Amino acid sequence: MASINRPIVFFTVCLFLLCNGSLAQQLLGQSTSQWQSSRRGSPRECRFDRLQAFEPIRSVRSQAGTTEFFDVSNEQFQCTGVSVVRRVIEPRGLLLPHYTNGASLVYIIQGRGITGPTFPGCPESYQQQFQQSGQAQLTESQSQSQKFKDEHQKIHRFRQGDVIALPAGVAHWCYNDGEVPVVAIYVTDLNNGANQLDPRQRDFLLAGNKRNPQAYRREVEERSQNIFSGFSTELLSEALGVSSQVARQLQCQNDQRGEIVRVEHGLSLLQPYASLQEQEQGQVQSRERYQEGQYQQSQYGSGCSNGLDETFCTLRVRQNIDNPNRADTYNPRAGRVTNLNTQNFPILSLVQMSAVKVNLYQNALLSPFWNINAHSVVYITQGRARVQVVNNNGKTVFNGELRRGQLLIIPQHYAVVKKAQREGCAYIAFKTNPNSMVSHIAGKSSIFRALPNDVLANAYRISREEAQRLKHNRGDEFGAFTPIQYKSYQDVYNAAESS
(Lines of atoms letter the chains of each structure in order from A and count residues from 1; the text may use other names and numbers.)
(Lines give C-alpha, C1' and ligand atoms only; values in the text may rest on other atoms or scores of the structure.)
Protein backbone atom coordinates (compact mmCIF):
# COMPACT_ATOMS: atom_id res chain seq x y z
CA MET A 1 0.00 0.00 0.00
CA ALA A 2 2.87 2.33 0.85
CA SER A 3 4.42 1.69 -2.55
CA ILE A 4 1.17 2.79 -4.21
CA ASN A 5 0.80 5.97 -2.16
CA ARG A 6 4.38 7.19 -2.54
CA PRO A 7 4.06 8.21 -6.24
CA ILE A 8 0.70 9.82 -5.53
CA VAL A 9 2.15 11.87 -2.68
CA PHE A 10 5.13 12.85 -4.81
CA PHE A 11 2.85 13.89 -7.68
CA THR A 12 0.64 15.92 -5.30
CA VAL A 13 3.61 17.79 -3.82
CA CYS A 14 5.00 18.58 -7.28
CA LEU A 15 1.61 19.84 -8.44
CA PHE A 16 1.30 22.04 -5.34
CA LEU A 17 4.74 23.57 -5.87
CA LEU A 18 4.07 24.12 -9.56
CA CYS A 19 0.74 25.85 -8.97
CA ASN A 20 2.00 28.04 -6.15
CA GLY A 21 5.19 28.86 -8.00
CA SER A 22 3.22 29.90 -11.07
CA LEU A 23 0.93 32.10 -8.97
CA ALA A 24 3.83 33.79 -7.20
CA GLN A 25 5.61 34.27 -10.49
CA GLN A 26 2.54 35.95 -11.96
CA LEU A 27 2.18 38.25 -8.96
CA LEU A 28 5.80 39.10 -8.33
CA GLY A 29 7.77 38.02 -11.36
CA GLN A 30 8.27 39.55 -14.75
CA SER A 31 4.96 38.53 -16.27
CA THR A 32 5.12 41.36 -18.80
CA SER A 33 7.86 42.73 -20.93
CA GLN A 34 9.69 45.88 -19.90
CA TRP A 35 8.21 47.49 -22.99
CA GLN A 36 4.65 46.75 -21.91
CA SER A 37 2.47 47.96 -19.09
CA SER A 38 -0.91 47.00 -17.64
CA ARG A 39 -1.66 50.69 -17.29
CA ARG A 40 -4.74 52.23 -18.92
CA GLY A 41 -4.29 55.24 -21.17
CA SER A 42 -6.21 58.46 -20.64
CA PRO A 43 -9.72 58.34 -22.16
CA ARG A 44 -9.46 62.01 -23.12
CA GLU A 45 -7.46 63.80 -25.78
CA CYS A 46 -4.46 65.29 -24.03
CA ARG A 47 -2.41 68.24 -25.17
CA PHE A 48 0.79 68.88 -23.27
CA ASP A 49 1.52 72.13 -25.07
CA ARG A 50 2.51 74.06 -21.97
CA LEU A 51 3.85 72.35 -18.87
CA GLN A 52 4.05 74.08 -15.52
CA ALA A 53 5.71 73.62 -12.14
CA PHE A 54 3.28 72.69 -9.37
CA GLU A 55 3.19 73.41 -5.65
CA PRO A 56 0.47 72.46 -3.14
CA ILE A 57 -2.58 74.69 -3.47
CA ARG A 58 -4.50 73.50 -0.43
CA SER A 59 -3.57 72.26 3.04
CA VAL A 60 -5.83 70.51 5.54
CA ARG A 61 -4.84 70.67 9.20
CA SER A 62 -5.24 67.67 11.50
CA GLN A 63 -4.52 67.41 15.21
CA ALA A 64 -0.90 66.31 14.69
CA GLY A 65 -0.04 67.16 11.13
CA THR A 66 -0.96 68.63 7.79
CA THR A 67 -2.02 67.15 4.45
CA GLU A 68 -1.12 69.26 1.40
CA PHE A 69 -2.89 68.73 -1.92
CA PHE A 70 -1.70 69.49 -5.43
CA ASP A 71 -4.13 70.66 -8.10
CA VAL A 72 -5.13 67.24 -9.42
CA SER A 73 -7.95 68.85 -11.44
CA ASN A 74 -5.28 70.30 -13.74
CA GLU A 75 -5.20 68.70 -17.19
CA GLN A 76 -1.63 67.47 -16.72
CA PHE A 77 -2.60 65.37 -13.70
CA GLN A 78 -5.78 64.19 -15.41
CA CYS A 79 -3.99 63.10 -18.58
CA THR A 80 -1.16 61.27 -16.83
CA GLY A 81 -3.55 59.70 -14.34
CA VAL A 82 -1.56 60.51 -11.21
CA SER A 83 -2.47 62.15 -7.91
CA VAL A 84 0.06 63.75 -5.54
CA VAL A 85 -0.25 64.51 -1.82
CA ARG A 86 2.37 65.74 0.65
CA ARG A 87 1.96 64.91 4.33
CA VAL A 88 3.65 66.39 7.39
CA ILE A 89 3.36 64.21 10.51
CA GLU A 90 4.49 65.80 13.76
CA PRO A 91 6.38 63.87 16.48
CA ARG A 92 4.04 61.33 18.14
CA GLY A 93 1.65 61.85 15.24
CA LEU A 94 -0.27 58.84 13.92
CA LEU A 95 -1.63 58.72 10.37
CA LEU A 96 -4.79 56.68 10.87
CA PRO A 97 -5.32 53.41 8.96
CA HIS A 98 -6.76 53.85 5.48
CA TYR A 99 -6.50 52.45 1.97
CA THR A 100 -6.63 53.97 -1.51
CA ASN A 101 -8.07 52.90 -4.86
CA GLY A 102 -4.72 53.34 -6.62
CA ALA A 103 -1.22 52.00 -6.10
CA SER A 104 1.18 54.49 -4.48
CA LEU A 105 4.85 55.17 -3.96
CA VAL A 106 5.83 57.21 -0.91
CA TYR A 107 9.16 59.01 -0.60
CA ILE A 108 10.33 60.06 2.87
CA ILE A 109 11.77 63.56 2.48
CA GLN A 110 12.51 64.02 6.17
CA GLY A 111 12.24 62.18 9.48
CA ARG A 112 11.86 58.59 10.60
CA GLY A 113 9.11 56.41 11.97
CA ILE A 114 7.13 53.20 11.66
CA THR A 115 4.58 52.03 9.13
CA GLY A 116 2.39 48.97 8.93
CA PRO A 117 0.88 47.89 5.60
CA THR A 118 -1.59 45.07 6.25
CA PHE A 119 -1.72 42.35 3.61
CA PRO A 120 -4.92 40.24 3.62
CA GLY A 121 -4.51 36.62 4.66
CA CYS A 122 -1.04 37.06 6.15
CA PRO A 123 -0.35 35.88 9.72
CA GLU A 124 0.16 38.14 12.71
CA SER A 125 3.85 37.32 13.00
CA TYR A 126 4.61 39.82 15.79
CA GLN A 127 3.38 38.31 19.05
CA GLN A 128 3.80 39.17 22.72
CA GLN A 129 3.12 36.58 25.42
CA PHE A 130 1.35 37.26 28.70
CA GLN A 131 3.64 37.61 31.70
CA GLN A 132 1.76 35.72 34.41
CA SER A 133 3.16 35.22 37.89
CA GLY A 134 1.53 34.09 41.13
CA GLN A 135 -1.63 32.94 39.34
CA ALA A 136 -3.23 29.53 39.20
CA GLN A 137 -2.73 27.51 36.07
CA LEU A 138 -5.31 28.45 33.44
CA THR A 139 -7.62 25.98 31.76
CA GLU A 140 -6.86 25.03 28.17
CA SER A 141 -9.61 27.29 26.77
CA GLN A 142 -8.47 30.23 28.88
CA SER A 143 -4.88 29.61 27.87
CA GLN A 144 -5.83 29.67 24.20
CA SER A 145 -7.88 32.87 24.46
CA GLN A 146 -5.24 34.66 26.51
CA LYS A 147 -2.15 33.17 24.90
CA PHE A 148 -0.95 36.51 23.56
CA LYS A 149 -1.32 40.01 24.88
CA ASP A 150 -0.86 41.52 21.44
CA GLU A 151 -0.26 40.19 17.95
CA HIS A 152 -0.11 42.00 14.65
CA GLN A 153 1.46 41.86 11.23
CA LYS A 154 5.03 42.93 10.65
CA ILE A 155 5.81 46.62 11.10
CA HIS A 156 8.50 48.40 9.12
CA ARG A 157 10.90 51.12 10.20
CA PHE A 158 11.50 53.90 7.72
CA ARG A 159 13.92 56.81 7.57
CA GLN A 160 14.82 59.71 5.30
CA GLY A 161 15.39 58.57 1.73
CA ASP A 162 13.15 55.50 1.92
CA VAL A 163 10.66 54.67 -0.82
CA ILE A 164 7.60 52.82 0.50
CA ALA A 165 5.41 50.84 -1.91
CA LEU A 166 1.67 50.60 -1.22
CA PRO A 167 -0.41 48.35 -3.50
CA ALA A 168 -3.96 49.46 -4.26
CA GLY A 169 -6.48 48.52 -1.59
CA VAL A 170 -3.87 47.63 1.04
CA ALA A 171 -4.58 49.41 4.34
CA HIS A 172 -1.67 51.08 6.09
CA TRP A 173 -0.86 53.44 8.95
CA CYS A 174 2.18 55.54 9.82
CA TYR A 175 3.62 56.78 13.13
CA ASN A 176 6.33 59.36 13.80
CA ASP A 177 8.46 58.19 16.72
CA GLY A 178 11.26 60.63 15.96
CA GLU A 179 12.04 64.14 17.16
CA VAL A 180 11.41 66.03 13.91
CA PRO A 181 8.34 66.09 11.65
CA VAL A 182 8.06 63.38 9.03
CA VAL A 183 7.60 64.89 5.57
CA ALA A 184 6.49 62.46 2.86
CA ILE A 185 5.35 62.81 -0.75
CA TYR A 186 2.69 60.34 -1.96
CA VAL A 187 2.30 59.67 -5.70
CA THR A 188 -0.69 57.52 -6.67
CA ASP A 189 -1.21 55.99 -10.11
CA LEU A 190 -4.94 56.07 -10.82
CA ASN A 191 -4.67 54.63 -14.35
CA ASN A 192 -3.17 51.48 -12.88
CA GLY A 193 -5.06 48.33 -13.86
CA ALA A 194 -5.71 47.62 -10.16
CA ASN A 195 -8.08 50.62 -10.01
CA GLN A 196 -11.45 49.75 -11.53
CA LEU A 197 -13.13 52.89 -10.20
CA ASP A 198 -12.99 56.27 -11.90
CA PRO A 199 -9.54 57.94 -12.23
CA ARG A 200 -9.94 60.00 -9.06
CA GLN A 201 -8.15 59.30 -5.80
CA ARG A 202 -10.46 57.89 -3.16
CA ASP A 203 -9.15 57.40 0.37
CA PHE A 204 -11.17 54.88 2.38
CA LEU A 205 -10.75 55.66 6.07
CA LEU A 206 -10.79 52.89 8.66
CA ALA A 207 -10.74 55.43 11.51
CA GLY A 208 -11.22 59.14 12.04
CA ASN A 209 -12.67 61.71 9.66
CA LYS A 210 -11.14 64.27 7.36
CA ARG A 211 -12.10 67.33 5.39
CA ASN A 212 -12.63 66.90 1.66
CA PRO A 213 -9.74 68.48 -0.34
CA GLN A 214 -12.17 69.47 -3.11
CA ALA A 215 -14.32 71.40 -0.64
CA TYR A 216 -12.34 74.61 -1.12
CA ARG A 217 -14.18 75.21 -4.40
CA ARG A 218 -17.57 75.03 -2.71
CA GLU A 219 -19.33 77.26 -0.26
CA VAL A 220 -20.16 74.40 2.09
CA GLU A 221 -17.26 72.34 3.39
CA GLU A 222 -17.63 68.58 3.18
CA ARG A 223 -16.14 65.94 5.44
CA SER A 224 -15.12 62.39 4.59
CA GLN A 225 -16.13 59.92 7.27
CA ASN A 226 -14.70 56.48 7.85
CA ILE A 227 -16.31 53.42 6.32
CA PHE A 228 -17.88 52.27 9.62
CA SER A 229 -20.02 55.41 9.80
CA GLY A 230 -22.12 54.11 6.90
CA PHE A 231 -23.16 50.92 8.68
CA SER A 232 -25.96 50.79 11.20
CA THR A 233 -24.81 50.54 14.81
CA GLU A 234 -26.81 47.35 15.40
CA LEU A 235 -25.43 45.50 12.38
CA LEU A 236 -21.88 46.69 13.06
CA SER A 237 -22.15 45.61 16.69
CA GLU A 238 -23.33 42.14 15.69
CA ALA A 239 -20.76 41.69 12.91
CA LEU A 240 -17.79 42.64 15.09
CA GLY A 241 -19.05 41.11 18.32
CA VAL A 242 -18.82 44.35 20.29
CA SER A 243 -21.22 46.47 22.28
CA SER A 244 -23.27 49.23 20.70
CA GLN A 245 -21.17 51.81 22.52
CA VAL A 246 -17.95 50.44 21.01
CA ALA A 247 -19.61 50.32 17.59
CA ARG A 248 -20.47 54.01 17.88
CA GLN A 249 -16.86 54.73 18.86
CA LEU A 250 -15.67 52.98 15.70
CA GLN A 251 -17.87 55.29 13.65
CA CYS A 252 -16.01 58.35 15.03
CA GLN A 253 -19.06 60.55 14.57
CA ASN A 254 -17.81 63.35 16.82
CA ASP A 255 -14.09 62.92 16.16
CA GLN A 256 -12.69 66.26 14.96
CA ARG A 257 -9.00 65.32 15.07
CA GLY A 258 -8.66 64.64 11.34
CA GLU A 259 -6.61 61.89 9.71
CA ILE A 260 -3.40 62.53 11.71
CA VAL A 261 -3.89 62.26 15.48
CA ARG A 262 -1.53 62.82 18.41
CA VAL A 263 -0.58 59.90 20.68
CA GLU A 264 0.17 61.71 23.93
CA HIS A 265 2.31 59.03 25.56
CA GLY A 266 3.59 57.39 22.39
CA LEU A 267 2.70 54.05 20.86
CA SER A 268 3.66 50.82 22.57
CA LEU A 269 4.58 48.54 19.70
CA LEU A 270 6.19 45.14 19.35
CA GLN A 271 9.58 45.58 17.70
CA PRO A 272 12.71 43.45 17.33
CA TYR A 273 14.70 43.52 20.58
CA ALA A 274 17.88 44.87 19.00
CA SER A 275 16.06 47.91 17.66
CA LEU A 276 14.52 48.69 21.07
CA GLN A 277 17.84 48.23 22.82
CA GLU A 278 19.55 50.62 20.41
CA GLN A 279 16.86 53.24 20.97
CA GLU A 280 17.16 52.99 24.76
CA GLN A 281 20.94 53.28 24.62
CA GLY A 282 20.76 56.15 22.14
CA GLN A 283 23.35 54.59 19.88
CA VAL A 284 22.40 56.37 16.70
CA GLN A 285 25.24 55.03 14.60
CA SER A 286 24.57 51.47 15.68
CA ARG A 287 20.88 51.90 14.94
CA GLU A 288 21.63 53.14 11.43
CA ARG A 289 23.87 50.13 10.79
CA TYR A 290 21.14 47.84 12.05
CA GLN A 291 18.51 49.46 9.87
CA GLU A 292 20.76 49.43 6.82
CA GLY A 293 21.44 45.77 7.44
CA GLN A 294 17.72 45.16 7.59
CA TYR A 295 17.26 46.94 4.27
CA GLN A 296 19.93 44.86 2.59
CA GLN A 297 18.51 41.51 3.69
CA SER A 298 17.19 39.60 0.70
CA GLN A 299 14.54 36.91 0.71
CA TYR A 300 16.47 35.08 -1.98
CA GLY A 301 19.06 32.52 -0.98
CA SER A 302 20.74 32.75 -4.38
CA GLY A 303 20.78 34.97 -7.40
CA CYS A 304 17.62 33.53 -8.94
CA SER A 305 14.02 33.07 -7.81
CA ASN A 306 11.75 30.06 -8.11
CA GLY A 307 8.60 32.05 -7.42
CA LEU A 308 8.22 30.85 -3.82
CA ASP A 309 11.01 32.83 -2.16
CA GLU A 310 9.15 36.11 -1.71
CA THR A 311 5.37 36.14 -1.34
CA PHE A 312 2.80 38.63 -0.11
CA CYS A 313 3.55 38.07 3.53
CA THR A 314 7.32 38.54 3.27
CA LEU A 315 7.42 41.38 0.77
CA ARG A 316 9.85 44.18 1.49
CA VAL A 317 7.75 47.33 1.32
CA ARG A 318 10.53 49.92 1.65
CA GLN A 319 13.92 50.50 0.11
CA ASN A 320 16.34 53.36 0.67
CA ILE A 321 17.08 55.23 -2.55
CA ASP A 322 19.35 57.90 -1.00
CA ASN A 323 22.16 55.51 -0.04
CA PRO A 324 25.19 56.43 -2.22
CA ASN A 325 26.30 52.79 -2.17
CA ARG A 326 23.19 51.86 -4.14
CA ALA A 327 23.92 54.24 -7.03
CA ASP A 328 23.64 52.65 -10.48
CA THR A 329 25.80 55.30 -12.15
CA TYR A 330 28.28 57.64 -10.50
CA ASN A 331 30.47 60.45 -11.79
CA PRO A 332 32.65 61.97 -9.03
CA ARG A 333 32.56 65.34 -10.81
CA ALA A 334 28.88 65.37 -11.73
CA GLY A 335 26.68 63.22 -9.50
CA ARG A 336 24.88 59.91 -9.24
CA VAL A 337 21.69 58.18 -10.38
CA THR A 338 19.87 55.42 -8.44
CA ASN A 339 17.06 53.30 -9.88
CA LEU A 340 14.37 51.29 -8.12
CA ASN A 341 12.57 48.74 -10.28
CA THR A 342 11.32 45.17 -10.07
CA GLN A 343 14.88 43.83 -10.25
CA ASN A 344 15.89 45.29 -6.89
CA PHE A 345 12.46 46.00 -5.35
CA PRO A 346 10.10 43.10 -6.28
CA ILE A 347 6.93 44.62 -4.79
CA LEU A 348 6.95 47.11 -7.67
CA SER A 349 5.52 44.30 -9.81
CA LEU A 350 2.33 44.75 -7.79
CA VAL A 351 2.47 48.53 -7.65
CA GLN A 352 3.36 48.89 -11.37
CA MET A 353 5.51 51.95 -10.68
CA SER A 354 9.23 52.65 -10.28
CA ALA A 355 11.44 55.48 -9.02
CA VAL A 356 14.71 57.20 -9.89
CA LYS A 357 16.75 59.41 -7.53
CA VAL A 358 19.16 61.89 -9.13
CA ASN A 359 21.81 63.89 -7.29
CA LEU A 360 23.59 66.50 -9.43
CA TYR A 361 26.56 68.49 -8.20
CA GLN A 362 27.20 72.18 -8.86
CA ASN A 363 26.36 73.11 -12.48
CA ALA A 364 26.31 69.45 -13.58
CA LEU A 365 23.94 68.26 -16.30
CA LEU A 366 21.85 65.18 -16.85
CA SER A 367 22.22 63.73 -20.32
CA PRO A 368 19.29 64.74 -22.57
CA PHE A 369 16.83 61.84 -22.74
CA TRP A 370 13.25 60.77 -23.15
CA ASN A 371 11.14 58.25 -21.21
CA ILE A 372 10.40 55.25 -23.41
CA ASN A 373 7.56 53.57 -21.52
CA ALA A 374 6.37 55.85 -18.72
CA HIS A 375 5.27 59.28 -17.63
CA SER A 376 7.55 60.89 -15.06
CA VAL A 377 6.58 62.92 -11.99
CA VAL A 378 9.66 64.90 -10.90
CA TYR A 379 9.82 66.32 -7.36
CA ILE A 380 12.74 68.54 -6.32
CA THR A 381 14.07 67.65 -2.86
CA GLN A 382 17.13 69.92 -2.71
CA GLY A 383 18.61 72.86 -4.60
CA ARG A 384 17.50 74.21 -7.96
CA ALA A 385 17.64 73.01 -11.56
CA ARG A 386 17.18 74.54 -14.99
CA VAL A 387 14.84 72.30 -17.00
CA GLN A 388 13.79 72.30 -20.64
CA VAL A 389 11.18 69.95 -22.12
CA VAL A 390 10.45 69.57 -25.86
CA ASN A 391 7.44 67.92 -27.52
CA ASN A 392 7.07 65.97 -30.78
CA ASN A 393 6.83 69.19 -32.82
CA GLY A 394 10.16 70.47 -31.55
CA LYS A 395 8.37 73.06 -29.44
CA THR A 396 9.65 73.99 -25.99
CA VAL A 397 6.77 73.20 -23.63
CA PHE A 398 8.71 74.01 -20.46
CA ASN A 399 11.73 76.26 -19.99
CA GLY A 400 12.27 77.32 -16.43
CA GLU A 401 13.78 76.72 -13.04
CA LEU A 402 12.54 74.16 -10.55
CA ARG A 403 13.24 74.73 -6.88
CA ARG A 404 12.85 72.66 -3.74
CA GLY A 405 9.28 71.53 -3.12
CA GLN A 406 8.14 71.97 -6.72
CA LEU A 407 6.84 69.25 -9.00
CA LEU A 408 6.92 68.82 -12.78
CA ILE A 409 5.10 66.20 -14.87
CA ILE A 410 7.09 65.08 -17.92
CA PRO A 411 4.96 63.16 -20.46
CA GLN A 412 6.13 59.95 -22.08
CA HIS A 413 8.50 60.44 -25.06
CA TYR A 414 8.99 64.18 -24.42
CA ALA A 415 12.70 65.08 -24.57
CA VAL A 416 14.16 66.72 -21.47
CA VAL A 417 17.45 68.18 -20.27
CA LYS A 418 18.26 69.22 -16.70
CA LYS A 419 21.12 71.33 -15.36
CA ALA A 420 21.83 71.87 -11.67
CA GLN A 421 22.37 75.43 -10.45
CA ARG A 422 25.23 76.64 -8.25
CA GLU A 423 23.99 74.90 -5.10
CA GLY A 424 23.46 71.59 -6.91
CA CYS A 425 20.19 69.72 -7.21
CA ALA A 426 18.53 66.52 -6.02
CA TYR A 427 15.19 65.15 -7.18
CA ILE A 428 13.15 61.97 -7.24
CA ALA A 429 11.22 60.90 -10.33
CA PHE A 430 8.20 58.61 -9.98
CA LYS A 431 7.60 56.57 -13.15
CA THR A 432 4.32 54.97 -14.23
CA ASN A 433 5.96 51.68 -15.21
CA PRO A 434 7.60 49.12 -12.90
CA ASN A 435 10.59 48.85 -15.25
CA SER A 436 10.84 52.34 -16.68
CA MET A 437 13.36 52.88 -19.45
CA VAL A 438 14.98 56.02 -20.83
CA SER A 439 16.81 56.69 -24.07
CA HIS A 440 19.84 58.95 -23.63
CA ILE A 441 20.78 61.22 -26.52
CA ALA A 442 24.46 61.81 -25.71
CA GLY A 443 27.22 60.03 -23.83
CA LYS A 444 27.98 56.34 -23.47
CA SER A 445 25.23 53.92 -24.61
CA SER A 446 23.34 56.81 -26.23
CA ILE A 447 21.49 57.37 -29.49
CA PHE A 448 24.42 59.32 -30.95
CA ARG A 449 26.85 56.51 -30.10
CA ALA A 450 24.53 54.00 -31.78
CA LEU A 451 24.32 55.86 -35.10
CA PRO A 452 26.96 55.49 -37.85
CA ASN A 453 29.11 58.54 -38.58
CA ASP A 454 27.69 58.92 -42.08
CA VAL A 455 24.14 58.91 -40.78
CA LEU A 456 24.97 61.76 -38.40
CA ALA A 457 26.95 63.64 -41.05
CA ASN A 458 24.11 63.56 -43.58
CA ALA A 459 21.36 64.12 -41.01
CA TYR A 460 22.92 67.29 -39.61
CA ARG A 461 24.98 68.38 -42.65
CA ILE A 462 28.27 68.19 -40.78
CA SER A 463 31.59 66.61 -41.69
CA ARG A 464 32.48 63.06 -40.72
CA GLU A 465 35.08 64.44 -38.30
CA GLU A 466 32.45 66.60 -36.62
CA ALA A 467 30.12 63.60 -36.50
CA GLN A 468 32.86 61.60 -34.81
CA ARG A 469 33.37 64.34 -32.26
CA LEU A 470 29.62 64.59 -31.69
CA LYS A 471 29.55 60.89 -30.81
CA HIS A 472 32.57 60.91 -28.50
CA ASN A 473 32.79 64.43 -27.03
CA ARG A 474 31.44 63.15 -23.73
CA GLY A 475 33.89 60.27 -23.58
CA ASP A 476 32.60 57.47 -21.35
CA GLU A 477 30.31 59.70 -19.30
CA PHE A 478 26.88 58.19 -18.77
CA GLY A 479 23.89 59.88 -17.13
CA ALA A 480 25.39 62.74 -15.11
CA PHE A 481 27.67 65.02 -17.19
CA THR A 482 30.59 67.10 -15.94
CA PRO A 483 30.03 70.86 -16.49
CA ILE A 484 32.76 71.80 -18.98
CA GLN A 485 32.93 74.18 -21.96
CA TYR A 486 32.93 73.20 -25.63
CA LYS A 487 36.65 73.92 -25.92
CA SER A 488 37.31 71.35 -23.24
CA TYR A 489 35.24 68.81 -25.20
CA GLN A 490 37.67 69.14 -28.11
CA ASP A 491 40.60 68.75 -25.73
CA VAL A 492 39.10 65.54 -24.39
CA TYR A 493 38.51 64.25 -27.92
CA ASN A 494 42.00 65.20 -29.15
CA ALA A 495 43.59 63.56 -26.13
CA ALA A 496 41.64 60.38 -26.81
CA GLU A 497 42.69 60.43 -30.48
CA SER A 498 46.39 60.91 -29.67
CA SER A 499 46.38 58.04 -27.21
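Just so you know, glycine gets a Cβ as well, placed from its N, Cα and C.
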Bond partner of C46 - disulfide, per Swiss-Prot - picked from C79, C122, C174: C79
Which of C46, C79, all disulfide-bonded residues, has a Cβ with the fewest other Cβ atoms inside 10 Å: C46
C79 (disulfide bond): secondary structure state under DSSP, collapsed to three categories: helix
Model confidence over the domain 'Cupin type-1 1' (51-248), averaged pLDDT: 83
Counts of helix, strand and coil residues, the domain 'Cupin type-1 2' (319-468), according to DSSP: 24 helix, 72 strand, 54 coil
